[in-house]
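A.B. asks: Encoded as structure tokens, here's the structure I'll be asking about.
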Amino acid sequence: MIDRYKHQQLRIGSVSPQQISAWANKILPNGEIVGEVTKPYTFHYKTNKPEKDGLFCERIFGPIKSGICACGNYRVIGNEKEDPKFCEQCGVEFVDSRIRRYQMGYIKLACPVTHVWYLKRLPSYIASLLDKPLKELEGLVYCDFSFARPIAKKPTFLRLRGSFESEIQSRKYSIPLFFTTQDFDTFRNREISTGAGAIKEQLADPDLRIITDHSLVEWKELGEEGSADGNEWEDRKIGRRKDFLVRRMELAKHFIRTNVEPERMVLCLLPVLPPELRPIIQIDGGKPMSSDINELYRRVIYRNNTLTDPLTTSRSTPGESVMCQEKLVQEAVDTLLDNGIRGQPMRDGHNKVYKSFSDVIEGKEGRFRETLLGKRVDYSGRSVIVVGPSLSLHRCGLPREIAIELFQTFVIRGLIRQHVASNIGIAKSKIREKEPIVWEILQEVMQGHPVLLNRAPTLHRLGIQAFQPILVEGRAICLHPLVRKGFNADFDGDQMAVHVPLSLEAQAEARLLMFSHMNLLSPAIGDPISVPTQDMLIGLYILTIGNRRGICSNRYNPCNRRNYQNETVDYNKYTKEKEPYFCSSYDALGAYRQKRINLDSPLWLRWRLDQRVIASREVPIEVQYESLGTYHEIYGHYLIVRSVKKEILCIYIRTTVGHISFYREIEEAIQGFCRAYLYDT
């Protein structure tokens, strides 16, 4: 529906019988009104056409084929000059067949039926509004007992029985004869009330405002009694009663605010869903497969017609038989709306539980959550996230299997433009065969197209961010660990969805506002949100720990160098290993990749003279002289090579490969920041 402010919204609630009939009724040119489903049939077994006035009737729900009636006549849809709009023979309207997705019908119930959601769901709305026990109302609804209506100056049951005794002297046969006459129906309807009709009468009588006022007065009185009496049992009883009164007042105010009549909780007309929402399809071998709701509708129509026959005919029917049939109609409608709510669910011939209307709409796979609220969208995928430590902050790794599906239309367009494929079919076959040209075009497409990553629940705007995708091996999405906190995700099996923005506006928004390197601060408090996590800090610690004892320890001892404190060393096989010297960090990293040194192995790295590492008052630990007159001054963490004239020739610092890697990463990050700053200014 659309309100006065033109906001589209969906409201779920009870509907009046007039509204139900307005949804379904159509007036034919001959004045006949169609919309009521009276027959429990679906398709004719010979012609395979919908039965007239059945659950798939074309007069009620529209044609199966657009513009073709049940007779086979054809009219152009949308041509107003074509007259008439309905077929004169079969009464089918010449419209699009998509009308069968929303055109409804209805079943006119022979007796009122209580809506089981309002009766059996806890808390029971009917029990709350009438202030009666639920078991008492259930006994009344299912005709287990009845109550007498207030009468005034009308013949009672005893007086009527006396009139029969005057005609038939034998009291033994007078009462049974009275219960089998047609006059008993009039008497029962006037003085005895049972079934859902009795509930409807009680819901129509009270004034909602009076209910609200009386409940408020009682709630205040109970509050005073609870404060005066100190009995714990009585206090609990009063507390439960006060909670019930609050629910009753809220329910009455809701009916007043929404202008809904409480008697609508009792059904007189049962809506019939459009046929496309409860289809009958043919599987392999021509065997039909029907929705469970069709079988439940047929059950309702069968029992309703069985009850309608004795009520419309002139012959007399025992009252107990009528009450029993009303109970069967009530149970059939209950099964249609919510199978199993009253105990054992109804099953088919294969002992499979029928799927009722409640089962269709509720739950994760229901109509609302699957197709309306959380429905799946095109150009999207989902997979587990893992750490991508080599990724940049604004990049994410997409598996090839996901990427080729997300960007398949773009790849097809690229194959056709490069004349690799002449049509869409050939392009799809090349994609299925995974030819090398496909991955090349995919790389080109992904370079200029950002993707959106989302982790549910999206509680703030950082729950969905944009990234530049790159192809990775495997089946998991790779993510930089620093963006984890914004998504509130963990790398322990969490899943994230990936979406492709299609329009230029969406792509511009993703690049300008949603990229991860542009969302470094929390939108709530302004604190940095991309901060190192504990595992990152531990990794940096292991990377830079090196030899904590420094040069004063036995630097040639392998157990000190590798920090294996619990490892036993065989001193008989001990050999003195000299710490290597490297002219540049590239040489040191190359030696590490060749596995000539370890990550924490101490080494000497040549340092530039313009970067000072010399402490003015530091005394060398050791001085080593060479034959040519040069000498080495060894300090705690560096070494100076001097000439004969005491000039500094070069400087070496004592470090590890881990320190070198960490230093280079920081240096590159600072240089990149400076370049970006200069570019912006």
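Along the chain as shown, residues are numbered 1 onward.
A Cβ is built for glycine as well, from the same backbone N, Cα and C atoms used for every other residue.
The following feature annotations were taken from Swiss-Prot:
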BINDING   C69, C71, C87, C90  Zn(2+) binding site
BINDING   D490, D492, D494  Mg(2+) binding site
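On this model, are these features tucked inside or out on the surface, and what's nearby?
C.D. replies: C90 (Zn(2+) binding site) carries neither a helix nor a strand DSSP state and counts as coil. Counting every protein chain shown, the Cβ of C90 (Zn(2+) binding site) has 15 other Cβ atoms within 10 Å.
Note on D490 (Mg(2+) binding site): other Cβ atoms within 10 Å of its Cβ, all shown chains, come to 10.
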A.B. asks: Taking C69, C71, C87 as the binding-site residues to compare, which has the smallest set of other Cβ atoms within 10 Å?
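C.D. replies: Ranked by other Cβ atoms within 10 Å, the binding-site residues C69, C71, C87 bottom out at C71.
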A.B. asks: Excluding C69, C71, C87, C90, which residues of the same chain place their Cβ within 8 Å of the centroid of the Cβ atoms of the recorded Zn(2+) site?
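C.D. replies: Residues close to the Zn(2+) site, other than C69, C71, C87, C90: E58, A70, G72, N73, E88, Q89, G91, V92.
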A.B. asks: What subset of the binding-site residues C69, C71, C87, C90 lies within 10 angstroms of D494 (Mg(2+) binding site), using C-alpha positions?
C.D. replies: none
A.B. asks: Quick one: pull the CA-CA distance for D490 (Mg(2+) binding site) versus C69 (Zn(2+) binding site), whole Å only.
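C.D. replies: Cα of D490 (Mg(2+) binding site) to Cα of C69 (Zn(2+) binding site) measures 59 Å after rounding.
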A.B. asks: If you measure D492 (Mg(2+) binding site) to C87 (Zn(2+) binding site) at Cα, how many Å is it?
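C.D. replies: That separation, Cα to Cα, works out to 64 Å.
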A.B. asks: Mind telling me which of the binding-site residues D492, D494 has the densest Cβ neighbourhood, counting other Cβ atoms within 10 Å?
C.D. replies: D494
